[in-house]
Structures are given as C-alpha cells and as structure tokens.
Amino acid sequence: MFTVATFLVLFFVHDQLGFSEAQLQFGFYSETCPPAESIVRDVVHQAVTRDPGIAAVLLRLHFHDCFVEGCDGSILIKHDVNDDERFASGNAGLGGFDVVDEAKSELERLCPGVVSCADILALAARDAVAEAKGPFYKLPTGRRDGKIAAMSNAAHLPDVEDSINSLKSKFREKGLSDKDLVLLSAGAHTIGTTACFFVMPRLDAQDPTINPEFFQVLRSKCPHGGDVNVRIPLDWESQFVFDNQIFRNIQNGKGVILSDSVLYQDNNMKRIIDSYVRTNQSSKANFAADFARSMVKMGAIGVKIGVQGEIRRICNATN
Ligand code: HEM
C-alpha cells in the first residue's frame with residue numbers, strides 16, 4: 001500500500017540519483033519482461049513468510065556481491081572446485097542463494113534469457129528491506145551478469161576488525177561516503193544476526209567500549225570457549241524490524257560487532273549516527289529515505305551494462 005511517506009521516499013531517491021546510477025534504468029524490464037519485479041517480490045515475500053531471518057540474509061548477499069567485481073551476480077557462481085568468490089573467508093555464512101535461484105527459474109520460464117541474476121539479487125535485497133518494514137524504493141535495473149568469480153578477488157572485503165580508516169577507505173574506493181558507510185553497515189545491521197565467532201574476540205579482549213551490563217549479556221550468549229556458530233541479533237532490541245534502534249544501541253555501547261561500535265569513535269560518524277536518533281523530530285534525519293538512497297548507490301557499484309557480461313541461464317554458473 002502506498003502511503004505519503006512511501007511516495008516521499010520514492011520521489012527523494014529518484015530526485016537524488018547521481019552519475020553512476022544513470023547507466024541503469026528504472027523499469028528496465030517493463031517491455032521485455034513486465035512481471036519481472038513482481039515475481040521477485042512474490043518469491044521474497046514467500047521466503048520471508050517461511051523464515052523471517054531470510055530478509056537480512058538477502059540484504060547481506062547483495063552487499064557482498066557489489067563489493068567484489070561490482071553488482072554483477074559474481075557471488076552466486078559455484079564451480080566444482082571450491083575456489084569461487086563465494087568461498088572466500090570474508091563471505092563465510094552467506095545464504096539466500098536458493099531464493100535467488102527460485103526467482104530465476106520462475107523468470108526463465110516466463111521470459112527466458114532476459115532478467116539478469118545481478119538484478120534479481122538487487123531487487124531481492126530491495127524487497128527484503130521492505131518485508132522487514134523498511135523503505136520500499138524505486139530501483140534502477142539493467143545490470144548484466146559477470147563471468148569472473150575468483151576467490152582471490154574477495155580478499156579485501158570490509159572486515160569486522162578493520163580500523164575506522166580502513167573501513168572508510170574501502171567504502172570510498174567504491175564511491176561510497178562516510179554517511180553511506182554509517183547507513184549501509186550499521187544501518188543494515190538493524191536486521192539480522194551474527195555468529196558468536198565475530199563477537200568473541202572483543203569479549204575476550206575485554207573491549208572497554210562495550211556497556212558493562214551489555215558485556216555480561218553478550219558473554220552469557222557467547223561464552224569463552226563456547227560454540228562460535230551460535231547466532232545472536234546484531235540489533236539487540238529489534239532484530240526483525242527495520243528501525244533506528246541500532247543507532248541508539250551504538251550510542252549506548254550496545255553495538256554487537258566491532259565494526260558497528262567503532263563508528264562511534266569517529267567524530268564525523270558520531271555526528272551522523274546521532275542525527276538519526278534525535279528526539280527533536282524536525283531536526284532528526286530520515287533514516288529510511290537516506291538508507292534507500294545509499295542502497296541505490298551501492299547497487300550501482302561497478303555494474304555491467306549494454307553488451308558487457310551476459311544474462312546467465314542459471315545463477316550459479318556462467319553460460
Ligand atoms: C563495514 C562493513 C561491514 C562489515 C565489517 C560487516 C560485518 C558483518 C558481520 C561480521 C556479520 C555477521 C555475519 C555472520 O555471522 O553470518 C554481518 C551480518 C550482516 N550484514 Fe554486515 N557488515 C558490513 C556491511 C554491511 C552492509 C553494507 C550491508 C548491507 C547493505 C550489511 C548487511 C548485513 C546483514 C543484513 C547482516 C545479517 C545477516 C544474517 O542475518 O545472516 N552489512 N555483517
């Protein structure tokens with residue numbers, strides 16, 4: 001259902017499009033495969049109905065696709081030998097591949113050879129955000145699928161233990177600003193979970209930036225020497241709902257992973273985080289609209305268009 005707020009988000013995102021996004025087009029499939037977007041939306045809706053946690057999984061998958069070789073579906077490729085991008089250590093724990101495959105097989109049945117896996121993934125992430133009660137934004141499409149998916153290309157993904165300067169520069173290399181970093185990393189972590197694996201090192205190191213009471217909560221969920229695969233929410237208070245609680249948590253020393261907490265150590269990032277949790281509504285920044293705009297920007301990283309790449313027949317293999 002379209003509300004005034006939805007309209008404003010759509011308008012704002014459309015209005016703010018930058019240069020790189022201009023290569024893609026709104027409604028790229030409106031003539032060649034009119035049901036493309038609604039099919040992806042239905043498949044995502046069914047998947048989230050079966051498992052609400054899948055929304056976060058799909059959002060993360062799109063990020064990991066975009067940061068290596070651009071948003072070209074390279075993360076989906078799986079050869080017989082496990083030397084693909086998706087098997088790099090920084091991509092451990094990714095999922096949602098079956099949801100993309102399901103949408104692709106339905107689309108191949110209706111419009112063979114038309115809709116790219118890269119677009120399916122970008123649309124699925126967009127729809128996943130909306131399923132989690134986040135903004136629904138207009139997303140330009142027309143991405144083509146890449147043919148390269150080497151594990152070594154994924155060696156420099158942003159890491160949970162990166163310094164603030166390293167995180168900033170990894171985002172800048174992709175054309176993303178400090179504000180995008182706050183919105184896309186901490187902001188996206190408003191939904192989803194992390195394995196204790198990523199939390200234990202900061203607990204073992206007695207990270208002093210963690211709120212002492214929260215430290216005890218985290219320690220009880222992820223005890224020293226315990227199972228590193230146990231999963232805990234990234235946004236402690238509201239794991240399944242897209243809201244600004246994550247920023248409040250970070251303010252209060254309740255960020256779960258280091259790369260979220262560390263943002264608050266930087267003056268510029270702190271100012272940006274604070275802007276989303278002001279009590280004064282008139283000066284409070286609009287998280288939903290800003291997140292949507294950053295997602296459109298991220299979704300345009302290194303895209304292949306026109307005659308570049310290909311339209312894969314199945315998403316986990318090149319043609
Ligand atoms: C500074 C960059 C980032 C770092 C270091 C980072 C790190 C992490 C880590 C360690 C996890 C837990 C993974 C697991 O245990 O399975 C995670 C989960 C997640 N990340 Fe990020 N992330 C970053 C940026 C992003 C971005 C840009 C997005 C999307 C726009 C994103 C979306 C997610 C989501 C939704 C989850 C939850 C996945 C689930 O529930 O399975 N992250 N991230």
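Note: Cβ is positioned from N, Cα and C throughout, glycine not excepted.
Any TrEMBL annotation is an automated prediction that lacks curation.
Here is what TrEMBL records for this protein:
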ACT_SITE  H64  active site, proton acceptor
BINDING   D65, V68, G70, D72, S74, E85  Ca(2+) 1 binding site
BINDING   P158  substrate binding site
BINDING   H189  heme b binding site
BINDING   T190, D235, D243  Ca(2+) 2 binding site
DISULFID  C33-C111  disulfide bond
DISULFID  C66-C71  disulfide bond
DISULFID  C117-C315  disulfide bond
DISULFID  C196-C222  disulfide bond
DOMAIN    23-319  domain 'Plant heme peroxidase family profile'
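Recorded features from TrEMBL, shown on the structure.
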| residue | record | Cβ contacts under 8 Å, 6 or more apart |
| --- | --- | --- |
| C66 | disulfide bond | K174, M298, G299, I301, G302 |
| V68 | Ca(2+) 1 binding site | S74, I75, E85, N153, A154, L157 |
| C71 | disulfide bond | H62, D65, A118, L121, A122, R143, M298, G299, A300, I301, G302, V303 |
| C111 | disulfide bond | Y29, T32, C33, P35, A36 |
| C117 | disulfide bond | G73, L76, V100, K104, D145, R312, C315 |
| P158 | substrate binding site | F67, S166, L167, K170, F171, S185, S259 |
| T190 | Ca(2+) 2 binding site | A132, G134, L234, D235, S238, V241, F242, D243, N244, Q245, I246 |
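Ligand 1 lies within reach of P158 from the recorded positions C33, H64, C66, V68, C71, P158, judged by a C-beta closer than 6 angstroms to any of its atoms. In the three-state DSSP scheme, C315 (disulfide bond) falls into the coil class.
Those same-chain residues not listed among T190, D235, D243 yet with C-beta within 8 angstroms of the centroid of the Ca(2+) 2 site C-beta atoms are H189, I191, E237, S238, Q239, V241, F242, N244, Q245, I246. Spatially close to C222 (disulfide bond) yet at least six residues away along the chain are C196, V199, M200, L203, V230, I232, judged by Cβ distances under 8 angstroms. The number of other CB atoms found within 10 A of the CB of C33 (disulfide bond), across every protein chain shown, is 17.
If you count neighbouring Cβ atoms within 10 Å for each of the binding-site residues D65, E85, D235, D243, the highest count belongs to D65. The residues near the Ca(2+) 1 site, meaning same-chain residues not in D65, V68, G70, D72, S74, E85 whose C-beta sits within 8 angstroms of the mean position of the site's C-beta atoms, are C66, F67, E69, C71, G73, I75, G146, A149, N153, G302, in sequence order.
Considering only the recorded positions H64, G70, D72, the residue whose Cα is spatially closest to the Cα of H189 (heme b binding site) is H64.
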